[in-house]
């Protein structure tokens, strides 16, 4: 909206608005501040309303009885606090992002769509007073629908051509460097850039610490890329959901993971920095950076009330959606494997559950961990909740640093 306002004031009222307000860096800062302040100042009113509506959290006791004792004080703490986070982010989106860019549309649809799924999941848990909620198949189906829509836009020429023709949304412009070597000295000559199509862009698979794509899909093999997109979005969404089990744990880990992707999105939108790092120049990826800044601000504001002892939980409304936003952002930036590094805590949490279930079924009910996800295992070992959270935050920060460093060490 800020860009519309600037254009209107300059075109209709002939007022000269400082160009600083159109800079990506400025809008990133303003988006973070907006969502942070909204989360903090609306938090008390929102939490009070949740108490009045008796939207309390149920505690998992079935397969980990000790959790009922450890988390007894958390019983009936309000949940669905993700509504506060998502609302703050969407306000920032409307105020500070370019509403004509396709990345803005994709991130908006992702937030609303996954927010509704998470909200439905929380509603069923509250209705039946248990921790089951929606069936796993039901959630996977809707996550597949979202992933299929995003994959179709990038991989099917007819779909993105339709958007270019019939909508006002600007497609991203992607350029790669062409490095020429002198045949005699074998030294690299000044690089040039060439534009690549959305389909070619989306068909490439990049791995951290490697400059060039390791695989480029084409033809029928594009189906594999579509399933890979589904795996990334669904995996990140559900992994974040599994991580949301201790006061402040997920919010803190989201800040570091989103911060890493935010930095990558910002430098990908800068011609000179992209050339220096020898990465793809993605015109418009700054919009992703703005939204991730809004996510960071909203998460920090929510952490104000979600830190130990938590006054509110984000619930699946927040965790499923925020994890999905990270996954979608990684897909848009073609940094899916990098997300596996910067979101290392999410990967560890998800793997702990997968290994625990597999071991229980295949090894005659033998368990690898005392309790899964991983953070509960350390609780069972006697670690205080705050110590588990802080140590996981430290590891999350370490993973984020490694992920960012991979851009330089290619």
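Backbone N, Cα and C define each Cβ position, glycine as well.
Annotated transmembrane segment per Swiss-Prot: 27-47 (among others), in sequence order. Within the same chain, residues 2, 21, 78, 81, 83-85, 87-89, 91-93, 95-97, 262, 266, 286, 289-291, 293-298, 300-302, 304-305, 311-312 sit at least 6 positions outside the transmembrane segment (27-47) and bring their C-beta atoms closer than 8 Å to a C-beta of that stretch.
Residues or ranges marked as transmembrane segment in Swiss-Prot (evidence: sequence analysis): 77-97 (among others). Within the chain carrying the transmembrane segment (77-97), a Cβ under 8 angstroms from the stretch's Cβ atoms is held by residues 1-2, 27, 30-32, 34-36, 38-39, 42-43, 46-47, 50-51, 55-57, 104, 107-108, 111-112, 115, 118-119, 122, 125-126, 287, 290-291, 293-295, 297-299, 301-302, 305-306, 310-319, 321-322, all 6 or more beyond its ends.
Residues or ranges marked as transmembrane segment by Swiss-Prot on the basis of sequence analysis: 99-119 (among others).
Annotated transmembrane segment per Swiss-Prot: 140-160 (among others), in sequence order, evidence recorded as sequence analysis. If one looks beyond the transmembrane segment (140-160) by at least 6 residues along the same chain, the residues whose Cβ comes under 8 Å of a Cβ in the stretch are 102, 106, 109-110, 113-114, 117, 171, 197-199, 201-203, 222, 225-226, 229-230, 233-234, 237, 324, 328, 331.
Marked as transmembrane segment by Swiss-Prot on the basis of sequence analysis: 213-233 (among others). Outside the transmembrane segment (213-233) by six or more residues, the chain places 143-144, 146-148, 150-151, 155, 200, 202-207, 324, 327-328, 330-331, 336, 339 with a CB less than 8 A from a CB of the stretch.
If you look up Swiss-Prot, you'll see 248-268 (among others) marked as transmembrane segment, on the strength of sequence analysis. Counting same-chain residues at least six beyond the ends of the transmembrane segment (248-268), those with a Cβ under 8 angstroms from any Cβ of the stretch are 24-25, 28, 240, 274, 277, 279-282, 285-286, 288-289, 292-293, 295-296, 299-300, 302-303, 306-308, 310, 314, 318-319, 322, 326, 329-330, 333, 335, 338-339, 342-343, 345-346, 375, 388-389, 392-393, 396-397, 399-400, 403-404, 407.
What Swiss-Prot records for 288-308 (among others) is transmembrane segment. Sequence-remote contacts of a segment are chain residues at least 6 beyond its ends whose Cβ falls under 8 Å from one of its Cβ atoms, and for the transmembrane segment (288-308) they are 24, 27-29, 31-40, 43, 47, 81, 84-86, 88-89, 92-93, 96-97, 103-104, 107, 247-248, 251-252, 254-255, 258-259, 261-263, 265-266, 269, 314, 318, 322, 325, 329, 332-333, 385-386, 389.
According to Swiss-Prot, the feature transmembrane segment maps to 312-332 (among others), an assignment based on sequence analysis. Same-chain residues lying 6+ beyond the ends of the transmembrane segment (312-332) with a Cβ under 8 Å from its Cβ atoms: 43, 46-47, 50, 57, 74, 77-86, 103, 106-107, 110-111, 114-115, 117-119, 121-122, 125, 133, 139, 143, 146, 150, 229, 232-241, 243-244, 250-251, 254, 257-258, 261, 265, 285, 288, 291-292, 295, 299, 302, 305-306, 338-339, 343, 346.
Annotation comment: Swiss-Prot describes 337-357 (among others) as transmembrane segment.
For the transmembrane segment (389-409), same-chain residues at least 6 beyond its ends with a Cβ under 8 Å from one of its own Cβ atoms are 208-209, 246-249, 252-253, 256-257, 259-260, 263-264, 267, 277, 279, 308, 338, 341-345, 375. The annotation transmembrane segment is assigned in Swiss-Prot to 389-409 (among others) on the grounds of sequence analysis.
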